[in-house]
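**Q** Below is one structure. I have some questions about it.
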């Protein structure tokens, strides 16, 4: 009975911590190569909006990894997914810290984003471990591309946010490579397209609220 409840309790704990607790990083936030410069009000608002989008992405990452771990058939894979979730928690803390520093708020829709991502993670996990890993690899590839686009949009003066995004991009690429090495299956093109569409909706809405 206890072993049956363990994934449920883990998932519930992860949801509460992600949505309502102050995130704590195991690594210090990346230090910028140069001191931050002065930003105009419009630049600060845009930086805050972009980091809100990135924070939502990390909320979703927690949901995805937790859900996939809950239904993973291989105990080794389950442990790997939970480890990745813990590593992504650094990103959650860093982006929240930058939101606070920029005077911006997290998305008010975070519970909705979390629930949707958790559902997707359950579906992906139920498809079997190779496809679940394929979902991880494709998600991380798309996130990496998304972060690269943000480096082109963040104000040059916001070196603190840029340092965070650059390190996140490195970490996401590593997670994608680890999923592939673990036996990820290539997802069908329609699945990738749907993932990009869902991501576009999320980023567009989260940029505003």
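Even glycines carry a Cβ here, placed using N, Cα and C.
So Swiss-Prot lists these for the protein:
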type	residues	note
COMPBIAS	23-36	compositional bias 'Low complexity'
REGION	23-42	region 'Disordered'
BINDING	58, 88, 91, 172	Fe cation 1 binding site
BINDING	88, 140, 172, 175	Fe cation 2 binding site
**Q** Calculate the distance in Å between the alpha carbons (Cα) of residue 175 (Fe cation 2 binding site) and residue 88 (Fe cation 1 binding site), and round it to a whole number.
**A** 10
**Q** Which site among 91, 175 has the most other CB atoms no more than 10 Å from its CB, taking these as binding-site residues?
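**A** Most Cβ neighbours within 10 Å: 91.
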**Q** Taking Cα-Cα distance, which of the binding-site residues 58, 88, 91, 172 are within 10 Å of residue 140 (Fe cation 2 binding site)?
**A** 172
**Q** Taking the mean position of the Cβ atoms of 58, 88, 91, 172 as the Fe cation 1 site, which residues outside that list, in the same chain, have a Cβ no more than 8 Å away, listed in sequence order?
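**A** In sequence order, the nearby non-listed residues are 57, 61, 87, 90, 92, 143, 168, 171.
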**Q** For Fe cation 2, what surrounds 88, 140, 172, 175 with a Cβ no more than 8 Å from their Cβ centroid?
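**A** Near the Fe cation 2 site, the remaining chain residues are 61, 84, 87, 136, 139, 143, 144, 171, 173, 174, 176.
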**Q** If you run through the region 'Disordered' (23-42) with DSSP, how many residues end up as helix, strand and coil?
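**A** Output for the region 'Disordered' (23-42) reads 2 helix, 0 strand, 18 coil.
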**Q** Would you count the other CB atoms within 10 A of the CB of residue 88 (Fe cation 1 binding site), including those on all shown protein chains?
**A** 24
**Q** Near the Cβ of residue 140 (Fe cation 2 binding site), how many other Cβ atoms are there if near means within 10 Å?
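**A** Other Cβ atoms found within 10 Å: 23.
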**Q** Within 10 angstroms of the C-beta of residue 58 (Fe cation 1 binding site), what count of other C-beta atoms is obtained when all protein chains are considered?
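**A** The Cβ of residue 58 (Fe cation 1 binding site) has 22 Cβ neighbours within 10 Å.
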**Q** I'd like the number of other C-beta atoms within 10 A of the C-beta of residue 172 (Fe cation 1 binding site), please.
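**A** The answer is 23 other Cβ atoms.
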